[in-house]
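Here the structure is laid out as structure tokens; the discussion comes afterwards.
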Amino acid sequence: MSLTETAQQARRRDLRIPLAAVLIVLALAAPFIGSRYITHSLIIALIFMLPAHGLNLLVGYTGLLSLAQAAFFGIGAYTAGLLAVTYGTPFYVNLLAAGAVSGALALPLGIPALRLRSTSFVMCTLGFVIIGQAIAKNWISLTRGDMGLSSIPKPYFELGPLSFTVSGTTNFYYLALIIGTLATFAVWAIVRSPAGRNMVAIRENETLAESLGVPTWHYKLIVFMISAVFAGVGGCLYAYYLTVVSPLTFQMYYSTTMLIIVLGGGAGMISGTVFGSLLFVGLTEALRITPELRMIAYGVCLLVLVFWFKKGCAPLINRFWNAIGGVK
Amino acid sequence: MLSTILEQTVNGIVTGSVYAIVAVGMTMIFGVLRAINFAHGEYYMLGTFGAWFSIDYLGLSYEASIIVGVLATIAVAYVVGQLVMRRMVGAPAESGVLATLGIALILQNTIILVFGGGYKFFAGGYIEPVSILGFSLAQQRILILVVCLLVFIGLELMVSYTRLGMAMRAVSQNVECCSVVGIDVPQVVLRTFMLGAALAALSGVLTAPVNVSVYGGMGELITFKTLPIIIMGGLGNVRGTFVAAMILGVAESLVATYVGLQFRDTVGFATLILMLMWRPHGLFSTQARF
């Protein structure tokens with residue numbers, strides 16, 4: 001890079017910090033700017049962002065295409081729902097339990113699944129969703145079968161004498177925003193750590209990574225479990241938001257949606273997942289004219305994504321970010 | 001007791017035959033394209049709907065409706081193949097998964113949009129029971145068994161002796177070399193895809209009289225049944241698919257009788273996961289093929 005170019009760059013203003021500030025203010029003020037419906041859509045986006053973050057760690061960073069997110073999403077939803085309805089435990093306990101149960105179940109499921117490569121791995125993870133749905137439908141003494149769990153109480157916190165109940169859409173939005181932000185930072189921390197670099201090494205060339213001394217098997221298993229924890233937490237929030245859990249929580253639709261969010265936003269990029277969840281939830285909400293037309297349009301979007309946006313929106317985001325930062 | 005087991009086994013073999021015809025199309029598509037076709041059940045559904053439409057609206061006989069259903073599906077498969085499947089040669093695994101999921105959504109919901117989402121009665125087929133060796137078996141089930149055997153014999157011959165069959169085998173071995181020696185790979189992919197879709201449609205039309213009801217979302221279940229079969233059979237392996245389909249058919253039938261009907265649909269994936277722990281490359285593969 002020549003001296004003149006550097007000088008030119010110095011003269012251009014870096015708009016990245018102001019833009020970030022505007023985005024933060026917008027995120028905080030969203031319930032007061034938009035209608036209740038927009039707030040609702042944003043909550044859905046924030047909830048779906050959690051399992052998508054987990055999936056991004058798997059697909060984008062470690063290179064494992066998984067369809068199991070819906071299974072862990074459902075496990076989280078049922079764990080939280082059952083605890084809340086049966087024992088009336090406070091929200092944060094259920095949230096932690098949902099993450100923990102999903103993560104713990106990912107261990108016995110991940111051991112056989114991760115022995116497989118590419119296509120077989122995809123199929124095996126899809127099997128978890130189908131089996132999860134069958135269990136939710138048929139273990140009636142626990143899950144109440146097709147009726148599902150209803151009237152899940154509003155999230156409440158209890159710390160000693162203090163207690164706080166999250167009521168209303170606005171409050172729930174802030175709850176989702178806090179959890180979403182924490183999750184995003186958690187992913188950021190994982191990706192920036194040496195473990196994150198090892199994950200990318202596995203994605204790029206597993207054999208080479210193994211030969212360089214990266215314990216690839218342990219990494220893959222742990223990333224699979226972490227992604228399940230994210231999905232479980234997302235499922236917990238979803239259960240609290242809808243106040244019902246039914247076997248339909250175990251649906252291919254959710255796995256597909258999460259895959260679209262990650263690949264559409266740009267796999268292997270945290271901002272891609274955040275952007276993707278906003279974009280695709282916005283898209284599906286906007287297409288809510290009739291359910292059939294909506295699903296047809298959803299299918300067309302998938303094809304457009306595959307053939308025209310192979311890397312998702314990531315290149316667009318990167319170009320925009322660099323442009324406003326003054327870097328060529 | 002023993003007669004129940006035998007009867008359920010025979011029923012299972014019939015179910016297995018249905019799965020086998022659908023799955024063999026999917027496994028051949030995987031062979032040439034290296035992509036799982038998540039929309040495969042949708043062609044089964046299209047075939048059934050084509051037949052139902054021609055019986056209910058056009059007043060055709062069941063035999064004619066088989067032809068209409070299969071031809072209509074081939075036409076749809078041609079369009080999908082030209083627009084989408086041809087472009088997927090050499091694409092990464094994610095593209096295949098996403099694109100075929102997209103096609104499944106489009107086909108399924110278009111049918112629901114046009115014909116409504118409710119169950120429809122399929123009036124047709126040979127439902128009179130026949131008595132063979134003390135068993136009573138519906139004529140339609142015997143027809144399914146016969147067609148399945150014919151399809152597999154035909155496929156074996158085609159794969160070994162015809163030009164398309166040899167090209168298919170070549171493409172499934174090595175795409176680059178085929179392009180180099182002048183095989184039109186996208187054309188082979190397109191034809192294989194249309195053949196696979198036609199087989200799925202044929203299976204759908206044959207099963208419709210046994211299932212009686214027809215609805216827009218029926219393809220999804222078939223896709224989910226087919227996936228474990230093609231992996232158990234060894235991806236791209238025609239004979240393996242046949243055996244795996246029979247195993248799954250019989251297992252489902254026995255589980256439905258002795259464990260509970262509601263667990264029938266999970267047998268496939270449960271068996272798949274157990275089997276993959278024991279033989280990660282499929283039942284009939286001696287080495288890693290994928």
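Any Cβ shown, glycine's included, is placed from N, Cα and C.
In TrEMBL, annotation is done automatically, which means it is predicted and not curated.
In TrEMBL this protein carries:
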type: TRANSMEM; residues: A:15-34; note: transmembrane segment
type: TRANSMEM; residues: A:40-59; note: transmembrane segment
type: TRANSMEM; residues: A:66-85; note: transmembrane segment
type: TRANSMEM; residues: A:91-114; note: transmembrane segment
type: TRANSMEM; residues: A:121-140; note: transmembrane segment
type: TRANSMEM; residues: A:172-191; note: transmembrane segment
type: TRANSMEM; residues: A:221-241; note: transmembrane segment
type: TRANSMEM; residues: A:253-281; note: transmembrane segment
type: TRANSMEM; residues: A:293-309; note: transmembrane segment
Interface present between the transmembrane segment (A:293-309) and the transmembrane segment (A:40-59) (three or more C-beta pairs under 8 A): no
Seg_contact(the transmembrane segment (A:66-85), the transmembrane segment (A:253-281)) with at least 3 CB pairs under 8 angstroms, min sep 6: yes
Surrounding residues of the transmembrane segment (A:91-114) on its own chain - C-beta under 8 Å, 6+ positions past either end: 64, 68, 71-72, 75-77, 79-80, 83-84, 121, 124-125, 128, 155-157, 166, 179, 217, 220-221, 224-233, 235-237, 240
Residues of the parent chain within Cβ reach of the transmembrane segment (A:293-309), under 8 Å, 6 or more residues beyond its termini: 260, 263-264, 280, 283-284, 287
Folded-back contacts onto the transmembrane segment (A:253-281), same chain, C-beta under 8 angstroms, at least six residues removed: 41-42, 44-46, 48-49, 51-53, 55-56, 59-61, 65, 67-70, 73-74, 126, 129, 184, 187-188, 191, 200, 203, 301-302, 305, 309, 311-315, 317, 321
